[in-house]
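Chemist: My questions all concern the structure below.
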Amino acid sequence: MRAPPVGGGFNSPWTLAVRAAADQGRPRCAIALYLSSLRASHRPCPFALAAVLKSVPRLPAHAALPAAASLHAHLLRLGLLSHPYPHAALANAYSRLLPAHRHARVLLDGAPALHHHSLLVSSNSLLASRLRAGDIPAARALFDTMPARDVVSWNSMVAGLAKAGHLDEAIELFDQMPERNAASWNALVCGFIAQGQLARARELFERMPIRNNVSWITMISGYTKAGDVQAAADLFERMESKDLYAWNAMIACYAQNGCAREALGIFNKMLKPHVWVLPNEKTFSSVISACSQLGDLRFGLWVESFMGSVGVELDDHLRTALVDLYTKSGRMDRAFDLFRGLRRRDLVSYSTMIVGCGMHGKLSEAVGLFKEMSDAKIDPNAVTFVGLLSAYSHAGLMEEARACFASMSTKYTINPSVEHYTIMVDLLGRSGKLDEAFQLIMQMPMRPHASVWGALLLACRLHNNVELGEVVASKCFELEPEETGYYILLGNIYAQAQKWEKVKRLRRIMTERGLSKLPGSSWVHVA
């Protein structure tokens with residue numbers, strides 16, 4: 001018996017390397033490795049070819065279709081078109097790259113003498129592509145006419161129906177399944193979560209006869225989106241075997257729901273010697289976000305260094321996360337270095353930089369970035385204008401701020417939020433335009449928050465306007481009755497105007513309400 005050719009098997013070094021590159025989303029690397037294996041005189045491997053074809057749709061649009069066509073011709077020359085794995089991968093590639101699945105259907109119908117397993121694999125691939133495109137009627141028609149179906153076929157259809165919101169139909173199909181695995185249950189759980197039915201998802205989850213880590217992570221992610229951190233944490237603690245994806249899900253849950261300290265705490269736990277799970281890009285993205293929320297530059301610097309030590313490269317997503325951290329920490333030079341190093345600058349990265357510039361009074365840089373962004377045909381969002389307005393406010397440029405604020409709705413159809421109004425009220429107030437600031441608040445389409453009234457109360461304190469200060473303070477007391485800072489501000493307004501009786505009365509009110517002054521704050525002493 002002749003020995004099998006080197007490099008030709010499913011688990012051969014070349015095939016494993018190609019599959020790893022494809023799974024990591026590195027299509028050019030996968031193709032280069034496959035070509036290198038051919039140049040090294042290794043026999044073409046259908047499993048490596050399937051991996052290469054799987055990664056082709058990730059190539060830039062101008063390169064993807066020519067690559068698929070070349071590989072198609074390569075398969076024909078090798079006589080491997082009827083092999084189930086490259087055949088299914090080619091059908092999948094065409095269905096992603098060409099409209100209406102026409103070429104994928106032709107490829108499937110015209111394949112020479114596909115045996116039963118090959119036909120099933122290819123049919124499943126086409127079914128998945130139709131579901132991915134959201135064409136539920138076409139997918140259901142294909143599913144109903146398939147001569148044979150396996151658990152993958154059923155799972156795909158149930159998941160597609162559930163994701164599209166056809167929950168009753170998905171449940172009906174789920175009940176008809178001849179066999180189920182964990183993925184079958186997960187598909188239905190995902191559907192309930194997607195439709196906001198967490199209680200039903202949890203009920204189904206608890207009924208599952210067998211769960212895998214995807215089951216647990218799906219529920220944790222559902223609670224993350226709903227903001228129920230405690231429920232997510234309880235599930236995470238119940239997990240017996242936690243892989244990297246489970247740790248990432250829990251760290252992200254904390255970071256996305258404002259529990260930054262808990263996010264860093266659980267990150268530290270996963271690095272303990274008795275646990276030790278190697279972090280990846282997703283882990284670090286959430287951890288850097290937590291550092292930004294806390295303004296913890298020291299830990300953020302350690303995280304950036306640690307990333308390098310474990311071989312995680314700075315992609316655009318991680319760079320943008322670090323830009324956010326450095327801008328909030330005032331390290332603008334480092335933030336600009338990272339920003340300029342981005343392969344592709346988008347709305348999020350531009351807005352992050354503009355907000356940082358606004359926060360630290362770098363007006364010319366903020367305006368320059370906004371122009372650069374406009375030249376790149378990237379439309380701003382509400383966050384962008386928070387940065388711009390903050391920059392104008394820091395510089396005291398009233399007319400520019402007014403024009404910027406007005407352009408939000410007139411030019412960009414962005415409705416100003418409470419944060420935008422607060423910046424404008426603060427700028428108007430500090431500029432002595434107290435009546436205009438008051439009128440702006442009264443014209444707000446939403447109910448003014450305490451932050452808006454507080455900005456005007458500070459301005460009343462700055463310009464010693466007793467009459468308006470009393471009106472504004474009453475609004476603050478109404479919205480946040482236990483916040484002592486507002487009482488102290490009004491007390492200082494009275495003291496500056498030498499309204500000593502009013503100072504005494506205000507102190508009495510605070511005492512009656514059980515309020516104490518803030519540490520470090522004081523009014524003018526009244527004998």
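Yeah, the Cβs are placed from backbone N, Cα and C, and that goes for glycine too.
So TrEMBL lists these for the protein:
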type	residues	note
REPEAT	150-184	repeat 'PPR'
REPEAT	212-246	repeat 'PPR'
REPEAT	346-380	repeat 'PPR'
REPEAT	417-451	repeat 'PPR'
Chemist: Which bits of the chain, at least 6 residues beyond where the repeat 'PPR' (150-184) starts or stops, bring a Cβ under 8 A of a Cβ in it?
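Modeler: Result: 120, 123-124, 127-128, 131, 134, 136, 139-140, 143, 190-192, 194-195, 197, 208, 210-212, 214-215.
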Chemist: Given a Cβ distance threshold of under 8 angstroms, which distant residues of the chain, six or more beyond its ends, lie next to the repeat 'PPR' (212-246)?
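Modeler: Residues packing against the repeat 'PPR' (212-246) from afar: 182-183, 185-186, 189-190, 193, 196, 198, 201-202, 205, 252-254, 256-257, 259, 262, 277-280, 283.
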Chemist: So how many of the residues in the repeat 'PPR' (150-184) end up helix, strand or coil by DSSP?
Modeler: 26 helix, 0 strand, 9 coil
Chemist: What does DSSP give as the helix, strand and coil breakdown of the repeat 'PPR' (212-246)?
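Modeler: Counting residues by DSSP class gives 27 helix, 0 strand, 8 coil.
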